Amino acid sequence: RLELRCERGGAELRLDAHPTLSVSRAALLPPPGGPGDAGGQELPVESRPFASYGSALHIALPQAPRAGQLLTLLIDYEAGEGPGVCWLSPEQTAGKQKPYMYTQGQAVLNRSFFPCFDTPSVKFTYSATVKVPEGFTAVMSATSWEKQKDNTFVFKMSQPIPSYLIALVVGDIVSADVGPRSRVWAEPCLIEAAKKEYDGVIEEFLVVGEKLFGPYVWGRYDILFMPPSFPFGGMENPCLTFVTPCLLAGDRSLVDVIIHEISHSWFGNLVTNATWGEFWLNEGFTMYAQRRISTEVYGLPYTCLEAATGRALLRQHMDATGEDHPLNRLRVVIEPGFCLFLGVNPDDTYNETPYEKGYCFVSYLAHLVGNQSKFDAFLQAYVNRFKFQSITADDTLGFFLEYFPELKEKGVDSIPGFEFDRWLNTPGWPPYLPDLSPGQQLMRPADELAELWAADGLNMEAIEAVDITGWRTYQLVYFLDQVLQKSPLPEGNVQRLSKMYPKISKAQNAELRLRWCQIVLKNNLEAEYSKVKDFLHSQGKQKYTLPLYRAMWGGSEATRALAMETFSATAPQLHVNVQNYVKKILGLGSAE
């Protein structure tokens, strides 16, 4: 049921939908308390092709409404086969006993879940009533949640949000409190681990976020640990962030991924990019906010080290695609016509550029201001000015210059080489890189240790003198990234390294496992190929899965065989998008 207010008159309503969504009836309901048939006046409805990722629902209205008029539309439809609704068999869950379903709206998938204006430029409140079978629980991205009789759940979201943030999960899930406004949700077999890992930490991050960016407006902040096949690290659905179970490292070493999702509570969910072509407004600001919170909680050196691993990912991405690839600019052109021309659907614009190049642009704005507390105050004013709105980069940069008139006077938007226009529209490496030198105290020992392991004759005395027991995740990740860059290492070195650091070669931490698997493949360490297979069997996160298939496919006959064997065994447990991306890497027919 859509409650609409007419902005501009026209006798046709067009909604986003999907070929898999079948509409049986559309009707105009009488105004509340007014005369007319309660079942409504039936309207002609037709589905027409729109783009590779969806169709358009054309609904003819009896007459053109006047501007400001309220309409209530009822649409009876059935959905479930589309890309936004994921049905998992029991073997794709952690418990392996019961099926599971979840929806994933970002970027343009919710049109296959319900007919809507599936654009981030439109925001609305919503409510839902969900009836599920006995033994299952439903949760949604909503500000209130109530269980009624007959296993029926009622949800209300009282703040306006864009369509991509509506999310539903139905499964065998339970919850545990981990803070005054937070609980963790997970399958019963994971709930203890989830509680232990996150008890007390979420509130600490929320408090720092509120101090920096203003009030947290969403009421609760709960986290749902998804089944292992969930393709993303996290999805910032309001009130209920979805995260990969890979975050349950057992030692709190990956909790900073949660800082990223918490930061979306201000940047993305509260102030939203009006189009997916300016996704950096969501992700560049969120990366900056995440690193501000991290600096307050963990200190500058550690945050700079984490940012250095982000910069390395941007470098890898730009080397792989070519710097001047059109997706490597902050403002990407996304039009249906353009999609067909470039094969670009908004989901495929997902890459490191809006995150890390976006972070560099926000850091550049902070650098122009030259004073951290002044820039923090600007961010708070920016959130306050645009909260519950969807905006463009021009809005953001216009507000920046209005807030700092002395910078506007200086013409900071057109400094040669650093023009705002160049930042937005020229592909390639960021013109400005924030100074990450405070991370050197953590990077230097890791660089030196990687050098030692890459040497022809191993200097075991020097290696044994380095104690890595106190190194935190990103210091180890940084070390492994350096080892990977220097690989293949001289004969025998990787075997020695594996024996010397079981903390790394036998790690349960997904970030370390990914890098170790990459090192195993780059060095043709056949004795440990089973670790690659085990890791790909244990989870289906896109960011971990695709690089390993690329590495296997770019390697020897043996690693190609390993890729084929692993994919045929794990394909059913992967998200359909990830299956298609892997098929493309392995040359198995064209990806959808």
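Using the three backbone atoms N, Cα and C, a Cβ is placed for every residue, glycine included.
Nobody curates TrEMBL annotations by hand; they come from automatic prediction.
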The annotated region 'Disordered' range in TrEMBL, which must be one of 25-44, 425-444, 485-504: 25-44
Site diameter for peptide, Å, by largest Cα distance between Gln104, Gly105, Gln106, Pro231, Phe232, Gly233, Gly234, Met235, Glu236, Lys541, Gln542, Lys543: 18
His260 (Zn(2+) binding site) and Phe232 (peptide binding site), Cα-Cα, nearest whole angstrom: 13
Binding-site residues compared (Gln104, Gln106, Gln542) - the one with the fewest other Cβ atoms within 10 Å: Gln542
List of residues, in chain order, with Cβ under 8 A from that of Tyr355 (active site, proton donor) and at least 6 apart: Trp280, Glu283, Gly284, Met287, Gly310, Leu314
DSSP residue counts for the region 'Disordered' (25-44), split into helix, strand and coil: 0 helix, 8 strand, 12 coil
Residue counts (helix, strand, coil, in that order) that DSSP gives for the domain 'Peptidase M1 leukotriene A4 hydrolase/aminopeptidase C-terminal' (441-586): 110 helix, 0 strand, 36 coil
Residues within 8 Å of the His260, His264, Glu283 Cβ centre (excluding the Zn(2+) site residues themselves): Glu236, Glu261, Ser263, Phe267, Gly268, Asn282, Thr286, Met287, Ala289, Gln290, Tyr355
